[in-house]
Amino acid sequence: MSLRVHTHSPSTQGDMAFNLTILSLTELLSLGGLLGNGVALWLLNQNVYRNPFSIYLLDVACADLIFLCCHMVAIIPELLQDQLNFPEFVHISLIMLRFFCYIVGLSLLVAISTEQCLATLFPSGYLCRRPRYLTTCVCAFIWVLCLLLDLLLSGACTQFFGAPSYHLCGMLWLVVAVLLAALCCTMCVTSLLLLLRVERGPERHQPRGFPTLVLLVILLFLFCGLPFGIFWLSKNLSWHTPLYFYHFSFFMASVHSAAKPAIYFFLGSTPGQRFQEPLRLVLQRALGDEAELGAVREASQGGLVDMTV
């Protein structure tokens, strides 16, 4: 089970032109995503008042930034029709780092949706009992656990640490498949509960703020980010996938990572004043610091939004 992506040569000139168009759009979109995530990362790290969800989004922006960097570089040989080829070690390192950031981003989205769901369903109890440094600990745990999984995959499926073990490699990819399914199911359940609470709760006529952002980001993953994970599972579990799905999944992965900053700034901007407000203020508003978060800011002084991590 090699981690290098092999694709069949396009059968016609039209197929080749289509593939090159998709790859070129992927590169351009990734470049725009680098800019957007870089701005979001800088604002979240420097200019935005810290709350637990800003810490989560800071980590998400960091994972997306690294993912897009690896994504852009990894598809250059195919875009140039193999006129430029990276050494095997460099290519494998790029795609494993890209997959690592993909799993980190997915895990962080699950953590965000779960916390927001709990804060919305049980505002008083959850906000009062929430440990002060929970967000920092959860983010650190996700990065470390995903790194260990990535190292195990690298050791079992490549020659980084000796001869690969194909049996162990197959077992690990089955574990990844179960993990991906569990994370997606958890995300769907928490987002559904959050949606029902937002639409049917007593706060449905009030500003939605951060819960809306969470729901939109989850929908973005399900439609744009999930195909990339399905492609990697199908490739490494020897499932047959058509060539067009390969290009489609890579393009949609770029959309997924590049569109998040646009969602942040779109939701945080005031209608009629878009592109006129400071980006810091727009991002602050998207995080819910100027409205309620989890339906109740007044439920707990020093609660989930106002608490500095």
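The backbone N, Cα and C atoms fix where each Cβ goes, and this holds for glycine too.
Predicted, not measured: the structure shown is a model, and the values here were computed from it.
According to the topological domain annotation in Swiss-Prot, Ala17 and Tyr56 sit on opposite sides of the membrane. Packing around Asn236 (N-linked glycosylation site) is summarised by its Cβ count: 21 other Cβ atoms lie within 10 angstroms of its Cβ, all protein chains included. Note: the stretches the transmembrane segment (22-42) and the transmembrane segment (133-153) are not in contact (fewer than 3 CB pairs below 8 A, sequence gap of 6 or more).
Counting residues of the topological domain 'Extracellular' (81-91) by DSSP class, helix then strand then coil, yields 4 helix, 0 strand, 7 coil. The DSSP breakdown of the topological domain 'Extracellular' (234-247), given as helix, strand and coil counts, is 8 helix, 0 strand, 6 coil.
Put simply, of 60-80, 92-112, 133-153, 169-189, 248-268, the stretch with the most CB pairs closer than 8 A to the transmembrane segment (213-233) is 248-268. The Cβ of Asn19 (N-linked glycosylation site) has 20 neighbouring Cβ atoms from other residues within 10 Å, across all protein chains displayed.
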